[in-house]
Amino acid sequence: MAKLSLSGVSKAYGATLALRRGDLDIEAGEVHVLLGSNGSGKSTLCKIVAGSVRPDKGEVLIDGRPVTISGPQAARALGIGIFYQELSLSEHRSVAENICLADLPGKSGIFVDRAALEARASRYIALFAGVAGEGFSAEALVGNLRADQRQLVEIMKALSSEAPVIIFDEPTSALDRAQVDRFFEILRQLKTEGRGIIFISHRMDEITAIGDRATVIRDGETIRTLKLSETDPAEMIRLMVGENSDLPSAEHELPAAGPSAGAPLLSVRNLSGKGFRNVSFDVLPGEILGFGGLHGQGQSAVLRALFGASSISGGSLELSGRSLAVANPRSAIRSGLAYVSGDRGRDGVIQGRPIVENAAPIHYLKERLLLARPSALRDKVLPALGALHTKFASLAHPIGSLSGGNQQKIVIARWLIERPEVLLLDDPTKGIDLAAKADLFNLIRQLAAEGMAILLYSSEDAELLGNANRILVFNGGAVTRELTGADRTRYNLYQAAYEAA
Amino acid sequence: MAETGSAKAPTPGGFKRLIERYPFLPALGILIILLALNGIFSPNSLSYRSLTGLVSTYLALIMLAIAQTYVIFAGDIDLSAGAVVSLVNVVIIVLMEKMGGGGLAVFAALGVGVLAGLVCGLINGIVVAGLRLQAIVATFATSIFFTGFALWVMPVAGTPAPALFWRTYGSKLLGLPFVFYIVAALAILLFVISRTRLALQLLSVGDDAQAAYQTGLPVTPIRIKGYLLCGLFSALAAFCVTGDTASGDPLVGGKMTLFSVAAVVLGGSALAGGWGTVVGSLLGALTIGLINSLVFFIGTPSEWQNFVQGLAILVVLMAGILVGRRARA
């Protein structure tokens, strides 16, 4: 009998179906790998098991008994521990306190039993003795630790739940080789104790090294569960990708016009910063350069750094042959860069203000306007909005009255009044409807045809394959592969995204 | 991240480590400087008698700063703390008067006072943590509500406290002022609370509420307990106010609220939560007291006293932040 079993679980956020039909069986003493591309629903599935998301439909069984997981606390009580990909640590607390936080050892009811806390924490710290690195101790504050050390603390915290089922959602992304090897030894030990482990990783070598079975999820549906000993990486990737994975993308959608030959418009050399390192590339005028790979591998970080929204620690930039220094977004805009984020609420829309104000801020900045006549502004804004087929009642309506797709069009339009030289698109179509997406990509291709250089990161691989002339695949903050011409296939993209960093 | 050779381990320097262990050290330094300044301008101000006076006057603010600290630990704030002081003040005065002012009456009234403080804390906790309203605005609203209730209990200020009560507060026991015994009891109480699971949980919630929730901590009950502690110490602050002023006043605590917040920040705690000590808040409250007495002793004309006092608090705040920032850099 399975330790944990989910059948027909679904979850919708508003109109988007994050998980259509999730089935999963975890046996005692196995490492069960979840495989799936960006947005396939594997994280939602994990969150349902961990109790932080409630399913709309479906059944969860633990040891054959149907249960309702009402929250993280309930999940712990039911014997489920989880390693959170985004970590769940208190920066100002010590390593020991963080490890034991969920279940502080008590003394006479209300007090913390410090001795028991230290003893329990040291058991888990000892598991990683020798590989945790300098400065790692029970008393160290988590905020003072390196990224890999924090990830170790989160692993220890998950282990300290001593739960029969433990979920590890990308536990190895920041770890070095020795730390990963030690972690796998611990997982093998847990297997012999009969614990069930759910494991998510984007490194194929790790999956084959530690996994026993794998469940493939695609488009929110469980496709198949297979034994890793009876399959190979190529088949797993084919299952994740689905039908027609070997066809070059060019055959089902026309690629963009293609770059005009000549000197690069933007050159990036050995760029490093928070979340990425040693990134180098050139973009020609008229070229659409795609950034691919799994979520959060440094694509957004590079785009934000180029726009001056986060700092750069090393490397150099050249724009049209001249050295470029971006101190902040303001200087980036003045030197001809434009940035459109998929996170409209945070980076784009000015909530509660009229459409015209939302379309004009870049015009204000570039022209150094203090006062503007509404009629003059109108003449500037209307052509830009027209180019995008934006639907709106009047310029005075608040931006909130528009759909997500039309809001994003307004945000893009603000960059079109004065043309930038380089357009940075950071997952620009997140949460917008298909028609608006088509409009956006038509415009993007048209802008490229007119000579603009475009950097496009998209979490939807079809958008990259259908629009980018070249694709740089990011893995662990670095570019690991470049796909051009007929290599731009779904299969190659997945393979590159999943290969070892 | 994967390269082990170049990865630098975090090795906090001695000073940084010291500040991390004792975040109230800058506040302590400032307090010593202020004491020295007081002594220079008026040697008499460092006498045993004056210091006793200082403690008995500012004990209420110390209590209120401590009350504020527990909610700030969890990333919340309580702008009704001063109103709770007023409410408890008038409630115990009215009760003691109605019951005749004897020893039993005093104890009964104090019991009811503690209860009133806890109820106020519970209301704040339910409104902020339970109903998830913004702490600043919600507790501002409850402060108006509590003040209104205090005005209903005692519409006009001036009812005196029974002699037994304020004489005890100002008395000496075995040669030592009574307030010193309160301070000693307070120190023990603070030490006990600092060892509880709740203190650690409050700080974890303030550090990152989402992470604490995902860890499986009962975030809402923890925050409500923080407000309960705040209510308890607000009631204790009201007892000290009553002992010091010996009368009831439905508006006595209002202006103390923001001083209590200032004291917490002066004491080195982060207003965003997750980081701080109650000892720091205690020192912060004393700092505010010493600034006030210094302003008086250097002979500031009365119309300029507020101006100088505000300026001095700003300077001290800046000094504390500069030291803290250097330690964290």
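Every residue gets a Cβ built from N, Cα and C, even glycine.
Listed in TrEMBL:
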type     : residues  : note
TRANSMEM : B:22-41   : transmembrane segment
TRANSMEM : B:53-72   : transmembrane segment
TRANSMEM : B:79-96   : transmembrane segment
TRANSMEM : B:102-123 : transmembrane segment
TRANSMEM : B:135-154 : transmembrane segment
TRANSMEM : B:174-193 : transmembrane segment
TRANSMEM : B:226-246 : transmembrane segment
TRANSMEM : B:252-271 : transmembrane segment
TRANSMEM : B:278-298 : transmembrane segment
TRANSMEM : B:304-324 : transmembrane segment
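Below 8 A, the CB atoms of the transmembrane segment (B:135-154) and the transmembrane segment (B:304-324) form no more than two pairs separated by six or more positions in the chain, fewer than 3 in all. Ranking B:22-41, B:174-193, B:226-246, B:278-298 by CB pairs under 8 A with the transmembrane segment (B:102-123) puts B:226-246 at the top. In terms of C-beta pairs under 8 Å, the stretch of B:79-96, B:226-246, B:278-298, B:304-324 lying closest in packing to the transmembrane segment (B:22-41) is B:278-298. Nonlocal intrachain contacts for the transmembrane segment (B:226-246), taken as residues 6+ away from its ends with a CB within less than 8 angstroms of a stretch CB, comprise 56-57, 59-64, 66-68, 70-71, 73-74, 76, 78, 81, 84-89, 92-93, 110, 113-114, 116-122, 124-125, 128-129, 160-161, 165-166, 168-170, 182, 193, 198, 202, 252-253, 256. Same-chain neighbours of the transmembrane segment (B:79-96): 60, 64, 67-68, 105-106, 108-110, 112-113, 116-117, 120-121, 124, 136, 139-140, 142-144, 146-147, 149-150, 153-154, 159-162, 165, 230-231, 234-235, 237-239, 241-242, 247-258, 260, counting only residues six or more beyond its ends whose CB sits under 8 Å from a CB of the stretch.
Within the chain carrying the transmembrane segment (B:278-298), a Cβ under 8 angstroms from the stretch's Cβ atoms is held by residues 23-24, 27-28, 30-31, 34-35, 37-38, 41-42, 45, 54, 57-58, 61-62, 64-66, 68-70, 190, 193-194, 259-260, 262-269, 305, 308-309, 312-313, 316, all 6 or more beyond its ends.
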